């Protein structure tokens, strides 16, 4: 029981008391009243009333002030064995006690209780549980003891050991349901029961198993998600008016977009349903609008279209089939899930259309004719351009009226669109052909830097795209966001246009660059993988797309792939002939130095494993180092890698004259890296293998090499893991840079301070490392130590500062 804890300052009940009942707090200070605060999750935080507060204020009895109380609601209460008995009818357990200080002289008592003292809160309705957070549900399991979680954890571990990646959805539901019901049986044996406990169990299981479970579900729904994503991406320009949504919803929809973004980030069914509930409440509470089910559906449709979620079908399957604690199929949660399902089905039907809208002037009517495919009106306009029936005030007139009438084949509107843009956007290849013959500029850009070729690729209009390519349209031109036509075709799932762009360049014997990146560092491969287009991904890989390219957020294509089919395809492109599993290292960490041969990769893994296991002879075998040299290194190691003293020189001469041992046929390079970018020196430094560090440095190991994702050097790792001897050895090398920063901006000194390792801090300071460098949190190493209250480390900085006659940085604290 004493394991349960929470911060009462964040408790909505206590916050309500503080904001609305200052008089009760003052009485509690003066007359020793006790405020009972129900734990978070035991009440509906949206419906706290004054009556609820009165029921939970205890006034001590004059005769028995320790054990007997009355509430402000006139109920008799007694305290016995850490439980509050109300009217001799039912009891509520006290979870912990706390004294709340207003100032040095004023204080009052708070008791955190299992639930409100009101009798109506003894049974929490299923609908109320829906407003709980995942944290609330997990805490419910802790209010008893650890026995429940320990037993459930063992069941979850067995579940996680199974290979569920490519199982059908039915098998996943059956296996996960079995885990849930086994856990319910365990809880029942501990004397806990009820819908709330079942919901807490379900949430806890999902919290622990979500990565494995969602991964398997994404594999099941991969093709359906890709199909839906293609529809959504091609409707990205839909606005409120296209769906006939009342404009009064505009403000609330901008807020609802944040909730829909969180939908894919939360990992439990309860959390996802709560996101839907917030959206529903936001829409239904809109002032001045009578909300209908049609309004709700259309708003959900628009939010899905504007979201950045790439696996809607997988998420829908998750919240639909994995709600094992729900006893009713007609509750509020089911309504929210059904609304989401209806919105997705509405999008799938493909009935949403974006209307053409242009100004009511000559140019607007001209463009509208193109949208409608009226080739005659286009030809008539082009004939006007040649001088027929031009109604100008005079031949050189430039007044507004004449400017509006003076339209030629390259005239553009306020967006920068020309007739060629419009015809490509609305798939009018016969008009495209006519315009090109009439002298339309093929590479003209609009205000967003988009050419007609961009729009043809964006909308998947292959015929128009080929006409433009044959008219010498530039295929690698980038818009204002850095996107090429290949980016747009890959992003919107237009396989035919991707093929056309690549095949045309191949046919013309032009250099094909499938790795052009946009302003955020995304290549076309990033975009196709993001939305799950397996066929487009395969084509791009055939034409040299590089899965190792990282974008602005250091994400490779492997990072953003949401199913194993895509991941396996990316792996095969690197000649790695094995599938993704739970233990293999992810492709996002592959660096250019990694061998493309699987056998070579296996050798590198074995090499690093031998270092981890402190097996020096085996490490020498893989590196092709003579075993005698390794033996000498163990017995009489040199002072440091570059030492030339008599003793070390003698060792060197003895080893150099010794007969060389048989080397491996294909010795690994000393700077070989694994998929994560770890070299032998990284691993040796991490595990404190001093002899190996010396040998590797002697053999030319690069001391400042960084790992792939975290950008760690060997010195970073040595400082993180308290390897002071290795730190000393690395610092002896003339080329060691002690001020290098990792992906978080931390230097080795930062990690030494965060680890509270005074010896390493002193060593680094003695080597004049830069103490003014700040990390991504805008903190120097000294500030990190100061914030952690590591005073022995702070003292070392002060001593170093005094010895250098420079107190500036220290005094800045």
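Cβ coordinates are placed from backbone N, Cα and C, and glycine is handled just like the others.
Copied from TrEMBL, the annotated features are:
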- 222-356: domain 'VPS9' (DOMAIN)
- 415-447: repeat 'ANK' (REPEAT)
- 448-480: repeat 'ANK' (REPEAT)
- 481-502: repeat 'ANK' (REPEAT)
- 520-552: repeat 'ANK' (REPEAT)
- 676-708: repeat 'ANK' (REPEAT)
- 744-776: repeat 'ANK' (REPEAT)
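At the 8 Å Cβ cutoff, the repeat 'ANK' (481-502) and the repeat 'ANK' (415-447) share fewer than 3 close pairs (sequence separation 6 or more) and do not count as touching.
Across the repeat 'ANK' (744-776), DSSP helix (H, G, I), strand (E, B) and coil residues number 16 helix, 0 strand, 17 coil.
Along the repeat 'ANK' (676-708), the predicted structure has mean pLDDT 91. Cβ atoms under 8 Å from those of the repeat 'ANK' (415-447) belong to residues 356, 366-367, 370-371, 373, 375, 378-379, 382, 409, 453, 455-456, 458-459, 461, 463-465, 467-468, 471-474, 477, 479 of the same chain, restricted to positions at least 6 beyond its ends.
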